[in-house]
Amino acid sequence: MSDVKPPQHFTMNGNPPPPEFKNPKKPGRLTNHLQYIEKVVIRALWKHHFSWPFRQPVDAVRLNLPDYYTIIKNPMDLTTIRKRLENNYYWKAMECVEDFNTMFTNCYVYNRPGDDIVLMAQVLEKLFLEKVAEMPEEEYEISALTTKGPVKGARKSTIGLKKRPPSPMSEVVFQQTVTVIPPDALHTIPSAPLSAQLTAKLKNGVKRKADTTTPSASSIPSCESSSCVTEPKVLKLFSRRGSGRPIKPPCKDLPESPPQHQVGRRTKLSERLKYCNAILKEMFSKKHSAYAWPFYKPVDAETLGLLDYHEIIHQPMDMSTIKKKMEAREYTDALQFAADMRLMFSNCYKYNPPGHEVVSMARKLQDVFEFRFSKIPDEPKNANPVSSHNRVKKERARSPSSSESSDSESSSPENSSDTEEEDEEERAHRLASLEEQQLKAVREQLQLLTQTPLSKILKRSSSSKSSGCKVCTMMNSLKKPKFNSVLRRKESRACDSEEEMNTLPMSYEEKRQLSLDINKLPGDKLGKVVNIIKAREPLLRDTDPEEIEIDFETLKPSTLRALECYVVGCLRKKKNKPPKKSKIKEKDKDLQHATGEQNSHKKTKIETDGEIKDTTHPSRLSDSSSSSSSSDSSSSDSSSSDSCDSDSGLTEQKTKRKQSKGPGHANKIKKKKYYPVVPLPEQALRQANAEVKDSSSASGVMCQSRPSSLVSETGSKDLFASQHAKHPVEDITAITGIPPLLSPLTSPSAAMPATGSQSTSSSQFEASSPLCLYKDIVLKHADSWTSLGKLATQTPCTIKSSKESFQQFRKVAMEKELTTASRGLVSKHCLTQQPQKAKLECQPSKPEVESAELPLMAAILDTPKAPEPSSVLQNSVDREREMARKREQERRRREAMSGVIDMTMQRDIMATFEKNLE
């Protein structure tokens, strides 16, 4: 329900007449309190934006509130109170205050606690109580020009009150002021009950809304301050409304009068005190008045009925007293000002319970003060604070009124001065102890700040020492003595002690070398460099890591030394890692080639001895085949071995890698003593003619040397698997070189010399033709063998397994075919040139995919070389027919096998591509 009171004429049906505001039978008068309520309180409430529901009486008919006047027996509104004040309806101010309380109580009784109208009433009531607290302490009648005439008997009862000047306002602060009362004021005893009744009424109003959420008058009896309006403003108001001329009160009634004589002798405030004065002005501003008003004035314990206040609080303090001391230049340091402010808050916390409203207000105000005071500028070094002894003397020389205001329990001037001296000495001692504590805290913080970087530097130096020593021991085992001396110099420079790092500056050459070394670092190491610089340089801690610029001239020597130690360690690790990898690669390659060599020895053991194999195997390789085999190995090892050679600087490793690029790379470790240089093609031919007994063994050796130097690891595994076949044609398959079946497709020219070898009648041509074959292949199609090495390294194990299964299937088929073919083949000496010409004529017309398999079929057709020359002789016609039949059969077989091989390779290539995409 709302309590809205729109403007209305009091002639409506259903609404009772408004309360009376003029009663001739009831005597009334005009007092200073009533005048203050009319001119200050009513105006303030009327201007408030929440006052519109309370300006007129409640229109129950319009608002559809039929039970309003049944519940509310005594309605009241601001218009009625205003008219009563204008017509001198009230005899004293307490009657008007009761009307205000009735208006607010009616709102609380009729409406629910959470309604908007209730919250508006609470805000207005708080404003009303603040204004009433600023009202003068004693009430007396004044002559009003607007009134028709004084009421009978009023002059007799207010003769003494008329001559009385306005007394100081009732103030709720920490410090009680002793006011000098003139002799004629002793007859004004009836004014004291009025103050007591006003206080009691305020307390009653507080109890009524103690459960509300907004601050109320409950804070007044135990609060630490009261008003925002200063005393000169009220005096000016009284002089303006009383008579036509201002009233000058006696100087003895104004406690501010003694310090006024010192205005001409004021000294200039320091920067810190100016900042404190600004803080004080801000706390007096309207911005903080909602929770700072209880601390504006000293606590009036007698008026508020706080009889035990001065028994608990021995040193009261308030913001007005602090302001007076600031204006009187009694503060020589900002710490004294802060001590008084904190004393004021501590008194509030000490006297009031923790859950009291004024305690929460004090906490809010103290938070504001501490936040502002923490930003106070630093004190200059040449500023010397005044000694506490001189400060105590200055405090003693103050006016009697200010000394009396600091001691509320004194009954005589002597006791007051003694207590004040003790308080000042205690305060000076407390300030000295606070200064010592602050200095001690600052000292501890400085020690922590200085010790933390040192501990971090020591940890980094110890870690760099250990890592540097490990790197040094590893490098000593690899480098030459001359290089070791350079390493020792760098290591001694990197492992210097912390004292040397801090004191030893870095020369220009060292800075230039450090800059070059930092540029050599990889990208992942540069982040650590930035972290080292930020940890040691306070000015660079807030910079962006992506846009940081390093100037070595501005960095500290310790930072440069730490960077040097870190960079040297990183570069050493970078140099040590590549040789290890190259060694491992070389060992793996040696083992692989040695295994392939042993397998080749086992396969060819039937034809020749092991010793002859070891001595003739490398010598039968031509210079062209060595260049073809080196093309694959050099392409795969150039990226790693070249970089390692340039970094390590070891001549032994360079020579080893150069030798590894030759044709005997597979068995260079075992046979380096006997064959340091690869023989020329002519020497290979001589050794072949001298040691090999027949052409079949020579061709078998050549076919075997080819896969050992050109085919990858897959070919060696297939060779090893093929030697276990228990078939009579085992020697033939080993000699003809089955592993080339897994080699990539080659050009048609690769098979032409091999086919021609069948029709040769001399063994010399048979021995020399394979050499020419390999020479032509190397010179014309070296790129195909390079792609073979790349393909072998890229294919996964799944492709190898599929090749192995296909190889086994092919081997069985080939063995079966060769067994049937060997029965009807004739010797090589009786072959004519006609089949050779026919073969050469039909080969260029075949497609490229079909001709790519000619080397494989050539190896199959070389099988007649395996049987002994003393085979069964047949007629020439039968031989020609058999050869023609064989050609046609092989052609058809080639066509079928070429399609199968293409499909398999295509499938394997697609599978590899999909895996790489994943």
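Backbone N, Cα and C define each Cβ position, glycine as well.
Annotated by Swiss-Prot as coiled coil, the relevant range among 183-209, 264-290, 426-452, 507-533 is 426-452. Residue counts for the domain 'Bromo 2' (267-376) under DSSP, split into helix (H, G, I), strand (E, B) and coil, are 76 helix, 1 strand, 33 coil. Residue density at Asp116 (site 'Histone H4K5ac binding'): 12 other Cβ atoms are found within 10 A of its Cβ, drawing on all protein chains shown. Asn111 (site 'Histone H4K5ac binding'): 17 other CB atoms within 10 A of its CB, across all protein chains. Using DSSP to sort the residues of the compositional bias 'Basic and acidic residues' (877-896) gives these counts of helix, strand and coil: 20 helix, 0 strand, 0 coil.
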